[in-house]
Amino acid sequence: MSQLEHNIGLSIFEPVAKHRANRIVCTIGPSTQSVEALKNLMKSGMSVARMNFSHGSHEYHQTTINNVRAAAAELGLHIGIALDTKGPEIRTGLFKDGEVSFAPGDIVCVTTDPAYEKVGTKEKFYIDYPQLTNAVRPGGSIYVDDGVMTLRVVSKEDDRTLKCHVNNHHRLTDRRGINLPGCEVDLPAVSEKDRKDLEFGVAQGVDMIFASFIRTAEQVREVRAALGEKGKDILIISKIENHQGVQNIDSIIEASNGIMVARGDLGVEIPAEKVCVAQMCIISKCNVVGKPVICATQMLESMTSNPRPTRAEVSDVANAVLNGADCVMLSGETAKGKYPNEVVQYMARICVEAQSATHDTVMFNSIKNLQKIPMCPEEAVCSSAVASAFEVQAKAMLVLSNTGRSARLISKYRPNCPIICVTTRLQTCRQLNVTRSVVSVFYDAAKSGEDKDKEKRVKLGLDFAKKEKYASTGDVVVVVHADHSVKGYPNQTRLIYLP
């Protein structure tokens, strides 16, 4: 059946899927930092708690981490914790009077001369990027205050100064963000603040880093180096926020554990109408190689202050699911919004509805046809297990995986049922929260040797499937696990009728 034939058969009157494949990342802020508020978010559908290190002190984020863990423990859940770095930024300096108003047609000079750092005026103000005059040529644009104010460069006055034409009305205040669309920007991946934040994250045992403004694969490696030996198991999710990141996406994906399509800054750095193209391309590339991908920014933004989303926002979330995103993310909606629980519940419902419109077998065949032959044995086993799940219409898949690699490989091939991963590592439980369809179950391996506890772990997973109503007595569950007499990869697939 083609995608078009599948779409024709869709009906709003059919029951929706019993499980939600897509995961939800929630930004934690004043509206949701308490243990009780976090418990409500978790009950509503939060999988990963995001801390935005552009704001707040280490003490503030320490409280968030403690509260997330306390709330998760009370509910018996394994919630991932993500540290989102501030990243390298370009900003204006200070203004002599605190703010300046501009009108269309005004002429202003921008300078990298430190003498103007704290005494900006309507005629001249400071930008803290020393290479500014080399990066932007006459005719180019400078976006100020996250793109709200635009300047067109008229001429280069000297090695530190550009004369610019103001394109629109705006009241500009201190330390506003600068974007240089289409320009090659040379900034370090890890600022001094980022380095301290990463050290804090390692000490606190966060599960993943959302690395901001990644432009090259080398910058991903810089973040990995900053995490050090103690942080070697932390996932790095690279945020794509500018044209350089899009241009270098293949090597960035290879160097990263996952990708975030951060559409806010991306929509400033490239034309807004091209963001949907970048989003679909990046998500598809991640799908082909089996790396988790998050779609973020302005997804249900109106619910920061309104109890219901706009129809366009609903379509946006659904489109991210249809594109193939593993996760969708909420920012201010949960950090400072009036309706944090409602927005997560709404997003969860949208994701489930959008699942019905995805043609899973088409996705499976497309991904498999794009793989290089010969496959590695582990991937061959996992892809064959997914094929079996489609053929027998399995209600669930069960995988025994300590690192989560096998669970991710199974997820890569997009089965249309939940993937229950029984693991002996709590960190694996939390990190798999960014992987589509995977639900983790922790097994305490200290009770017995690994060879002896295999069937106990299988039973634990089957009992969990029944308890959570993923499957019922008589339903088929596809089980994937290793035979420890043959080392190296999970080489057994079993079809079990749930007792």
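We count from 1, first residue shown onward.
Using the three backbone atoms N, Cα and C, a Cβ is placed for every residue, glycine included.
Noted in Swiss-Prot for the protein shown:
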- ARG50, GLY264, ASP265, THR297: substrate binding site (BINDING)
- ASN52, PHE53, SER54, HIS55, ARG91: ATP binding site (BINDING)
- ASN52, SER54, ASP84, THR85: K(+) binding site (BINDING)
- GLU241, ASP265: Mg(2+) binding site (BINDING)
- LYS239: site 'Transition state stabilizer' (SITE)
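Locations of recorded Swiss-Prot features on the structure.
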residue : record                             : CB count, 10 Å
ASN52   : ATP binding site                   : 20
PHE53   : ATP binding site                   : 25
SER54   : ATP binding site                   : 13
HIS55   : ATP binding site                   : 13
ASP84   : K(+) binding site                  : 25
THR85   : K(+) binding site                  : 26
ARG91   : ATP binding site                   : 15
LYS239  : site 'Transition state stabilizer' : 27
GLU241  : Mg(2+) binding site                : 27
THR297  : substrate binding site             : 20
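If you compare Cα positions, PHE53 (ATP binding site) sits closest to THR85 out of the recorded positions THR85, LYS239, GLU241, THR297. Inclusion criterion for the binding-site residues ARG50, ASN52, SER54, HIS55, GLY264, ASP265: a C-alpha placed within 10 angstroms of the C-alpha of GLU241 (Mg(2+) binding site); this criterion is met by GLY264, ASP265. For ARG50 (substrate binding site), the same-chain residues that are 6 or more apart in sequence and have a Cβ closer than 8 Å to its Cβ are VAL25, CYS26, THR27, ILE28, ALA82, ASP84, PHE210, MET329. DSSP assigns THR297 (substrate binding site) to coil in the three-state reduction, placing it in neither a helix nor a strand. With respect to their backbone Cα atoms, SER54 (ATP binding site) and THR85 (K(+) binding site) stand 7 Å from each other. Cβ environment of ASP265 (substrate binding site): ASP146, ASN179, PHE213, GLU241, ASN242 lie under 8 Å away, each six or more residues apart in the same chain.
Neighbouring residues of the recorded K(+) site, listed in sequence order and excluding ASN52, SER54, ASP84, THR85, comprise MET51, PHE53, HIS55, LEU83, LYS86, GLY87, PHE210, SER212 (Cβ within 8 Å of the Cβ centroid). The secondary structure of GLY264 (substrate binding site), as reduced to three states from DSSP, is helical. Ranked by Cα separation from THR297 (substrate binding site), the binding-site residues ASN52, HIS55, THR85, ARG91 are led by ASN52. Cα proximity to ASN52 (ATP binding site) (within 10 Å) is found for the following recorded positions from THR85, LYS239, GLY264: THR85.
Within 10 Å of the C-beta of GLY264 (substrate binding site) there are 16 other C-beta atoms, taking all protein chains into account.
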